[in-house]
Amino acid sequence: MQANAPATSGNTTINITVFAVFVLITLYVVYRASSRNATASDYYAAGSSFTGPQNGIALSGDFLSAASFLGISGGIAVHGYDGFLYSVGWVVAWLMGLMLIAERLRNTGRFTLGDVLAFRMKQRPVRAAAANATLVISLFYMIAQMAGAGALMALLLDVHSRAGQAVVIAVVGVVMVLYVLLGGMKGTTWVQIIKAVLLLLCVGFMTVFLLGKFGFSLSAILETGARHSPLGADVLDPGSKYGGGALAKLDFVSLALSLVLGVTSLPHVLMRFYTVPNAREARRSVVWATMLMATFYLCTLVIGFGAMALVGSDTIAKAPGGENSAAPLLAFEIGGAVLLGVVAAVAFATILAVVAGLTLTASASFAHDVYANVLKHGNADPRSEIKVARLTAVVVGLLAIVGGIAASGQNVAFLVALALALAASANLPTILFSLFWKRFNTTGTLWSIYGGLSSSVVLIIFSPAMSGAPSSIFPGVDFHWFPLGNPGVVSIPLSFLCGWLGTMLSRSKADPVKQAEMEVRALTGLGSGLK
Amino acid sequence: MTKAVPHPLETRQTPNSTPNRGRGFATFDEPGKTLLVDDEGYPDFVAIQQTEEFAALRRSALVFIFPATALFLTWYLTYVVASAYAHDLMSMKVVGVVNVGIVVGLLQFVSTIVLTLSYARYARRRLDPQASAVRGLAESVED
């Protein structure tokens, strides 16, 4: 069973078949689930009809993305300890969502982040700013996912030509737009649930198999892994990926900070809290998501080192798709072409579902915040608002396809880190200030959103991710002056500072009546119509 | 904003003892009724914000949330910084080839789960009853 190098993509027919079956089943479920998809609440928030556990599974589905399943298991298989270190942040981050965000967001908002941020501020400028942040973050995150789809293709379906990958990206984009148009939030959530359950089963099966093979000893897996790694025993110690000079270390701290503060401030995650009927269910959904994420990343630890032990770091690093190929190669090693087919299909499905969620979020933000509230001053006819939302979904889908094709083959991993840094610096400080700081006002809100947004974008443009390093987007030129790949460590405190300064310097006062309403509502749900 | 501004509707009885509470519609209660609502039956948030019950709820929530958040952020960032800068400490072997770094990493999972469950329990036992008590101050006008 060592002759695995040529079998990276396994049996293409099986992969495509499993994937096609998945798409057909989910399209059917989406169609059935959404026969009644008429009101804005149905389209944006699934009529708030999901239970905590259902939404919790869907929430975890948003993060069991290809980047985390393939990327992190691969990161562990090649970099050992440092891959594991990265995965911890994805779990710890849920505590932010649990204690500070989920319940209060559910109680104060209806469909979008703009609902919450504009609650006690001037509606139009704040909603416009919130929509800007949502659209920028969603688009970056989406392009990263779509480009990832192209890279996966090379690995799993044996599609290597650029034209072939472009076709696949376009197909992914079209199916994803179909999910959103047909299913709205309800359909998209069901796709997430189905996919998350499949992925967890897959990962659970592989983990139990590996543990059994190594006599249920974590130490034995780590030791065998280390023997098959070119780094030897060092692979178990910190530093193989994020070590190096002082800047590399600071860069990692910056990434970890963005991760722990950004994950539950991503707009498509925030929007999930509206799909449940009340704050209690919102809390339950985060508890479920946390448990599933913890289980998943514990499994990833075993799978990563298992792949290192059974497949070998060198083979993985040299396979087409590089690090990302660890989990599929291991699946082939364990369960042959069929298990590989399932893993490949699930990895695909993951991209599809995550991108559909992002498209929905972006379209809701544009239709609900920009169209209905900024352009129509809050007097839009709900039917035309939904029409605008669907149209926006199509436009966003097209943008994602074009962006994905343009970015495919590029090193776009930094886009995910950028989206996290943006969420942690544009959304989180603003949410926390408006929930917990009485004096916070419109000026402060605008300063902290735009301060966080623009500082992150500017710093990333002038970072080594864009220019001046061999791995940059433009390796030939060098206009970088910001030394870190991740702007979080600067932009997050800066955004908090902007929010504070804007509030203190502005002469306008916070509205005490609206503040009372928001505070009472956030803690009790009183007046929100939620039971 | 904690000074007690006397509100005309401040004296009230608990709504559970009020017969015929509304069934989800604005009931245009007569003035002098015991609920903290405005003329249109909408909750009077400013008055509610100043009640004992709400102050107690806010205190109970913040007394858990802020220290717990500070704790887990410090604990996580310590782990990250130690992994980046205290290489030798994190590489010390504990059991077999399992080192301090992996043990602390697994402890992050444990602490996250423990904190999640404790918050869920605290919210269920302490916060939810207090929140319903506050809702009771204006409840029959729930829309």
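A Cβ is built for glycine as well, from the same backbone N, Cα and C atoms used for every other residue.
Source: prediction; values computed, not measured.
Straight from TrEMBL, the features:
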TRANSMEM  A:12-31  transmembrane segment
TRANSMEM  A:57-78  transmembrane segment
TRANSMEM  A:84-102  transmembrane segment
TRANSMEM  A:129-157  transmembrane segment
TRANSMEM  A:163-184  transmembrane segment
TRANSMEM  A:196-222  transmembrane segment
TRANSMEM  A:252-274  transmembrane segment
TRANSMEM  A:334-367  transmembrane segment
TRANSMEM  A:388-407  transmembrane segment
TRANSMEM  A:413-437  transmembrane segment
TRANSMEM  A:449-467  transmembrane segment
TRANSMEM  A:487-505  transmembrane segment
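Taking pairs at least six residues apart, the transmembrane segment (A:449-467) and the transmembrane segment (A:12-31) share fewer than three Cβ pairs below 8 Å and do not count as touching. Stretch with the most C-beta contacts under 8 angstroms to the transmembrane segment (A:57-78), considering only A:12-31, A:196-222, A:252-274, A:413-437: A:196-222.
With a threshold of 8 Å between CB atoms, the same-chain residues lying at least 6 positions outside the transmembrane segment (A:413-437) that come near it are 67, 71, 96, 100-101, 104-105, 108, 113, 116-117, 119-121, 133, 136-137, 140-141, 143-144, 147, 254-255, 257-259, 261-263, 265-267, 270, 407, 444-445, 448-453, 455-457, 460, 465, 485-488, 491-492, 494-496, 499-500, 503, 518-519, 522. Among A:12-31, A:84-102, A:163-184, A:252-274, A:388-407, A:388-407 has the largest number of CB pairs under 8 A with the transmembrane segment (A:129-157).
The stretch with the most CB contacts under 8 Å to the transmembrane segment (A:252-274), chosen from A:196-222, A:334-367, A:388-407, is A:334-367. Listed as Cβ neighbours of the transmembrane segment (A:334-367) (distance under 8 Å, sequence separation of 6 or more from its ends, same chain) are residues 7, 10-11, 14-15, 17-19, 21-23, 26, 43-44, 61-62, 64-66, 69-70, 111-114, 130-131, 134-135, 138-139, 141-142, 145-146, 148-149, 152, 156-157, 172-173, 175-177, 179-180, 184-185, 188, 191-192, 194-195, 198-199, 202, 206, 209-210, 267-268, 271-272, 310, 327-328, 385-386, 388-390, 392-393, 396-397, 400. Tertiary proximity for the transmembrane segment (A:163-184) is limited to same-chain residues at least six positions away from its ends with a CB under 8 Å from its CB atoms, namely 23, 26-27, 30-31, 33-34, 37, 42-44, 46, 146, 149-150, 153-154, 157, 190-191, 348, 351-353, 355-356, 359-360, 363, 390, 393-394, 397-398, 400-401, 404-405, 408-409.
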